[in-house]
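Data block below; observations after.
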Amino acid sequence: MDVETFCLCFFRLMQLLSTCVPFSLMASMGTGSVVVGNWSMFIWGFCFTVTLVILIVEFCHIRDHLPFSWYGFLTIHACYATLFCLLTSILYPTTYIEFFPSGPHRDYAMISTTFSCIALVLYALELLVLWNWYQGKGGRIARYMYTTQGLLKLLETSLACVIFGFISNTNLYLHQPALVWCGAVYSICFVLSSVAILLNLGKCDNRLLIPLPTFLLGLTMLSILLYTSALVLWPLYQFVEKLGGQPQRSSDVSCGDRLTYLVCTWDQGLAVTILTVINLLIYMADLVTLARLVFVRIEDQPTVS
């Protein structure tokens, strides 16, 4: 066993421990309807499950029989796990722990935060080892996730998952059809970005009727149009009083209740608005990079006289 393989094995075993502990502690406390708590539990459980599957596949030596790039999958998982653990390590203590009085629950929450930070470091180290390993192999493996397009797709889907965490509170949007449409937009765009990643992961460049960059350009343009509609409708129906929204934070009763230890509805609506703006900007940057890639290739093609 070489040094890289040993390090990856050790990191994954420690990742299992550092995600299992906070998940178990949170499950023992119970989160009720707390958005951030439920979202954090999902992240820890997801990272634990996928890491366990990776260990099983590695030890059973079945990675060569999979219909997709296993090394690309490892890179994508390490990227997502690092980013999600980073978000959880920030959001969980700042919006959850402060509401606990001194006692066992507060101690459990602090322990969970500590192990979440440890998991963040471990996944970041795994990503670093994978990067060095792949560079040593000539950069042929999983190179998509280290390109600008790959990193932008990673950010698009990651921010969409954070939005899903906030809109898991259905009181935000079920009362207005326009807000329901916004929820559908976030889901549709998440699926489109995931399809782009899966097409590259599955090496499907030659299975499409049109060049892959052109296809991805079309998906990104569609996502921008959908996100633009969400950026217009979401703040209008959340914060304009004539459309049933709440223009002032003080008008939201849940924001004045300090015993609920959750992010109040008005704050959740504002967070979704800000994340929508950020993700729209990322999609625009993605469109620019893809457009340059597509049109440069077209210009480089030889003309037939």
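Backbone N, Cα and C define each Cβ position, glycine as well.
Model, not experiment: these values are computed from the prediction.
Taken from TrEMBL, the feature domain 'MARVEL' covers 3-135, 144-295. Annotated transmembrane segment per TrEMBL: 7-27, 39-59, 71-92, 112-134, 154-172, 178-202, 214-237, 270-295, in sequence order.
With a threshold of 8 Å between CB atoms, the same-chain residues lying at least 6 positions outside the transmembrane segment (39-59) that come near it are 9, 12-13, 15-16, 19-20, 22-23, 26-27, 31, 66, 70, 74, 77, 81, 84-85, 87-88, 91-92, 96, 112, 116, 119, 123, 162, 165, 168.
The average pLDDT for the domain 'MARVEL' (144-295) in the predicted structure is 83. Shown for the domain 'MARVEL' (3-135): DSSP residue counts in helix, strand and coil, namely 117 helix, 0 strand, 16 coil. Only residues 6 or more beyond the boundaries of the transmembrane segment (178-202), in the same chain, are considered here, and those with a CB under 8 A from a CB of the stretch are 67-69, 72-73, 76, 144, 150, 153-154, 156-157, 160-161, 163-164, 167, 172, 208, 212, 215-216, 219, 222-223, 226-227, 229-230, 233-234, 236-238, 279, 283.
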